[in-house]
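One structure is given here, and the rest of the page talks about it.
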Ligand SMILES: O=c1nc[nH]c2c1ncn2[C@H]1C[C@H](O)[C@@H](COP(=O)(O)OP(=O)(O)OP(=O)(O)O)O1
Ligand SMILES: [Mg+2]
């Protein structure tokens with residue numbers, strides 16, 4: 001990212017997989033990006049009804065708690081045959097928060113015996129950046145990654161639903177892709193690229 005040298009942003013996420021991707025995607029030379037937990041920020045309550053609302057809620061919460069510009073990601077997996085579920089509730093699909101194995105088991109059960117056409121899905125990430133908690137002009141960008149849901153998990157990389165998501169154009173799961181390739185192709189990488197373009201336009 002290209003903002004003033006010496007600047008610090010808080011990354012408003014507690015998800016280790018996302019934080020690792022942000023670290024790689026944001027790279028060196030931009031603002032120092034500090035995960036919210038390192039600054040003592042606890043998770044915001046995700047009360048929104050859309051990815052955009054939740055991304056803004058998380059960014060505003062971290063900006064308020066730290067006094068720093070804040071970057072947040074709200075993301076999820078939307079499955080066509082399930083009318084877009086688990087969607088906004090991807091992290092808590094099976095009840096507890098962030099239990100990837102339980103979430104995957106519930107998803108595979110919901111899609112049991114579905115033919116290929118019913119297994120179309122997309123990852124969606126909305127990233128919001130706020131200068132301060134009352135910033136009236138947040139910068140917001142979305143990324144989408146299309147694919148389908150596999151019949152069983154494959155691979156040990158990535159996080160969340162990656163082992164059951166086969167991106168279009170690839171013969172493997174997202175958890176089997178080299179991390180740099182997932183970052184370049186994936187919803188989060190696409191959203192960050194779009195955000196970066198907007199920030200450059202504002203500079
Ligand atoms: O690249 C991904 N690969 C696999 N799974 C993914 C991905 N991106 C989002 N997902 C799924 C799992 C995650 O748990 C949920 C997001 O929920 P979401 O509330 O945005 O994140 P979270 O609660 O895990 O962390 P936080 O809110 O602190 O950023 O969607
Ligand atoms: Mg969350």
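Cβ from N, Cα, C; glycine included.
Quick look at what TrEMBL annotates:
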type: BINDING; residues: 13, 14, 15, 16, 17, 18, 75, 159, 160, 161, 162, 182, 187, 188; note: substrate binding site
type: BINDING; residues: 45, 74; note: Mg(2+) binding site
type: ACT_SITE; residues: 74; note: active site, proton acceptor
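Recorded features from TrEMBL, shown on the structure.
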| residue | record | Cβ contacts under 8 Å, 6 or more apart |
| --- | --- | --- |
| 13 | substrate binding site | 19, 22, 35, 36, 58, 72, 73 |
| 15 | substrate binding site | 91, 98, 159 |
| 17 | substrate binding site | 158, 159, 160 |
| 45 | Mg(2+) binding site | 57 |
| 74 | Mg(2+) binding site | 46, 48, 51, 52, 54, 55, 58, 88, 125, 126, 128 |
| 75 | substrate binding site | 18, 51, 90, 123, 124, 125, 126, 187, 188 |
| 162 | substrate binding site | 155, 173, 174, 175, 182 |
Maximum Cα-Cα separation (Å), residues 13, 14, 15, 16, 17, 18, 75, 159, 160, 161, 162, 182, 187, 188 listed as binding substrate: 20
Listed binding-site residues with Cβ under 6 Å from ligand 1, out of 13, 15, 45, 74, 160: 13, 15, 74, 160
Per DSSP, three-state class assigned to residue 160 (substrate binding site): coil
